[in-house]
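Features reported for this protein in Swiss-Prot:
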| type | residues | note |
| --- | --- | --- |
| BINDING | Gly614, Pro615, Asn616, Met617, Gly618, Gly619, Lys620, Ser621 | ATP binding site |
Amino acid sequence: MNSTDKLDSHTPMMQQYLRLKAQHPEILLFYRMGDFYELFYDDAKRASQLLDISLTKRGASAGEPIPMAGVPHHAVENYLAKLVQLGESVALCEQIGDPATSKGPVERKVVRIVTPGTITDEALLQERQDNLLAAIWQDARGFGYATLDISSGRFRVAEPADIETMAAELQRTNPAELLYPETFEQMSLIEQRHGLRRRPLWEFEPETARQQLNLQFGTRDLTGFGVEQAHQALRAAGCLLQYVKDTQRTSLPHIRGITMERQQDGIIMDAATRRNLELTQNLSGGSENTLAAILDRSVTAMGSRMLKRWLHMPTRDIKVLNNRQQAIGSLQDLYSDLQPSLRQVGDLERILARLALRSARPRDLARMRHAFQQLPDIHALLKGVETPYVQQLLSQVGQFDELQDLLERAVVEAPPVLVRDGGVIAPGYNSELDEWRALADGATDYLDRLEIREREKLGLDTLKVGFNGVHGYYIQVSRGQSHLVPIHYVRRQTLKNAERYIIPELKEYEDKVLTSKGKALAIEKGLYEELFDLLLPHLGDLQQSAAALAELDVLANLAERAETLNYACPTISEQPGVRITEGRHPVVEQVLSEPFISNPLSLSPQRRMLIITGPNMGGKSTYMRQTALIVLMAHIGSYVPASKAVIGPVDRIFTRVGAADDLASGRSTFMVEMTETANILHNATENSLVLMDEIGRGTSTYDGLSLAWACAENLASRIKAMTLFATHYFELTTLPEKMEGVVNVHLDALEHGDTIAFMHSVQDGAASKSYGLAVAALAGVPREVIKRARQKLRELEAISSHTATGTVDATQMTLLNEETSPAVEALEALDPDSLSPRQALEWIYRLKNMV
């Protein structure tokens, strides 16, 4: 589109379009024309590709045909949902003038901008997931990061000190839209994300940010929020708030404060740990078989979102954890009575956000009324519970009898979707509205009587009175009887099998009906806006109630999970260490067809590191992950899958397990593994829980072994972290002889001929064999390949037994001689745990070619 400069050469309507488009050059403009939203020029081309809609041409303007695409106004939400999922933003431009009185084009203006991070419409949002808008800032002192959930008003800021912490924050919050300054240097950190928005530098000005935030919260300064000195975070928050005001074009009364999130308040997890533990997303990007999938049976969407926030930010505040544990304990006998009432409360949090933005639909108000009707039952059910924390939450749930009464009087039982459809305000609420409705209804009755009268008077049995949007009211007579109509019948429309007529009397009543309907609808819209004015003064109390109800839902849900899944209440101790009796993996035990074998775990200052050996598929990774998940669950206040657990102070959880090539960044598996390892060695403390699985496997035998040895030594002697160290390097099993606090444990298996039975039970001491060939046989590797491998194994073991030194078991073919076969090096570097059956088979053929 080259013609924006020469506006005069365009038609008046296109001039209007181009002026509006110039104000929103970067985003799609949906331009309302009658029953359609139209897009023109490049917008039309882009939308036709993204939405798979027809690209046509509309006449010509400035001598050029105009590319055009359009969507019907009644289906616009579906198209917006698709665009938002693709990370696009859309400006909605409506007709605000009256076509009947307009000279020239009807007046239009952009009434809202829909962006991925600022949506509140039910149709566009994922119900059980937070939808965050975020802004990021970086300077020499570090990062500033702000997030806002506009559908709840939750506004958070943080100041990650380094790029690893910033990456972990992005992974945790997973914003739908991210604002960044045009000078942002670390593009590699964000460039893979959807919904990126480059913003001018002035939007991040610290003074402007302070003014914006103080104005929003009605405060003099930000000291009360604890963010006055958070200079980087405030820059991000200021840009974010400005963007929301620009896109929403209305006040934001539900955003009432800002909270600083400090890493030290919770258990810190880096991006790799969050991914590996599969908290809310599995390694394939789906949501099945995750911790959230097992733990989340919340009956409200707002409760589900709160639980996921807890999982991603476990707290270290012992008082909070004890409160939650006691509440869960006291709700175990009540959850079955409480959950049905909570389910009826629905997603009050998001309804209130739409109320605050004055975009609530009639059905939102009906749902709010329904939520208010549940509150007396919830109060009655919980008032006898003696746990102080449950009473504290209950005291935050208000009783809104007046508002309930207002909505019961004002809104019909089952309102239509939109106010413009009419019929939202209940009869008897407003006398003027009732009068106009009676007029409209009376006129309708009159038309029924007119039809009967004319049919009988003229003796035309096919005569009927009808209405359509183009021609208004008409009298229809079949073609066969049309020659019998009297002369004062004026033909209005001819159809294939009928003729339509108008008579003066009908025209008069048409005007009366349309006038009374239009008047009734105008009054109804005014009364609907008035309802917002009556509800909004109570917004603060309503939001507090919604938050308390969401938390009661999470706690009742965790009480149900604890009872159903046989979880025990962990003891949160201030003594260092982790002791678990009969621990189980919360996800694996639910997907296994056979009973899960529970296992103990003991870590203490005298027993800091477990060297874990045993066969592939023996359960090493499961054992390690279940430990991390039990510790994490204990730190959200939940009961845990064990018969007993005592959890001491934990500041961070690190996992270095099963890396894959990071093709996007051009990093090999080994490079990914070493980067994660470096992060652990730099940041772990004696209170950290560290899971190290098969360190050093992506390089040659000696490199890998030396790295694994040095890492284990460093973690055990310098850092003194609580470490689970799984390895196939059996040389590492000699570490306990050389260092205090290091202990061998193994997972056992029984071999019989070519078959193997994994015991999945953890025993003290080192494993005696790796059982790699038995696992290959299980994976379906052909018998002749297994046979040849056994033969080769015996040869290699013979070589190994001549050259082996120290206490290394000859059967482990550690091959300390210099003349190592490439096949053996490849075998050593291979991690069978991470192979699919097909990959295992490919490797066997590759190894055969090497030998």
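One-based numbering along the chain as shown.
The backbone N, Cα and C atoms fix where each Cβ goes, glycine too.
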An 8 Å radius from the center of the Gly614, Pro615, Asn616, Met617, Gly618, Gly619, Lys620, Ser621 Cβ atoms defines the neighbourhood of the ATP site; name the other residues of that chain inside it, in order.
Leu747, Phe758, Asp833
Here are some binding-site residues: Gly618, Ser621. Which one has the most Cβ atoms within 10 Å of its Cβ?
Gly618
Long-range Cβ environment of Met617 (ATP binding site), under 8 Å and at least 6 residues apart:
Phe758, Val775, Leu778, Pro832, Asp833
Are there residues of the same chain, six or more positions away from Lys620 (ATP binding site), whose CB falls under 8 angstroms from its CB, and which are they?
Ile612, Thr613, Gly614, Asp693, Ala726, Leu747, Asp833
Let me know the most crowded of the binding-site residues, choosing from Gly614, Pro615, Gly619 and counting other Cβ atoms within 10 Å.
Gly614
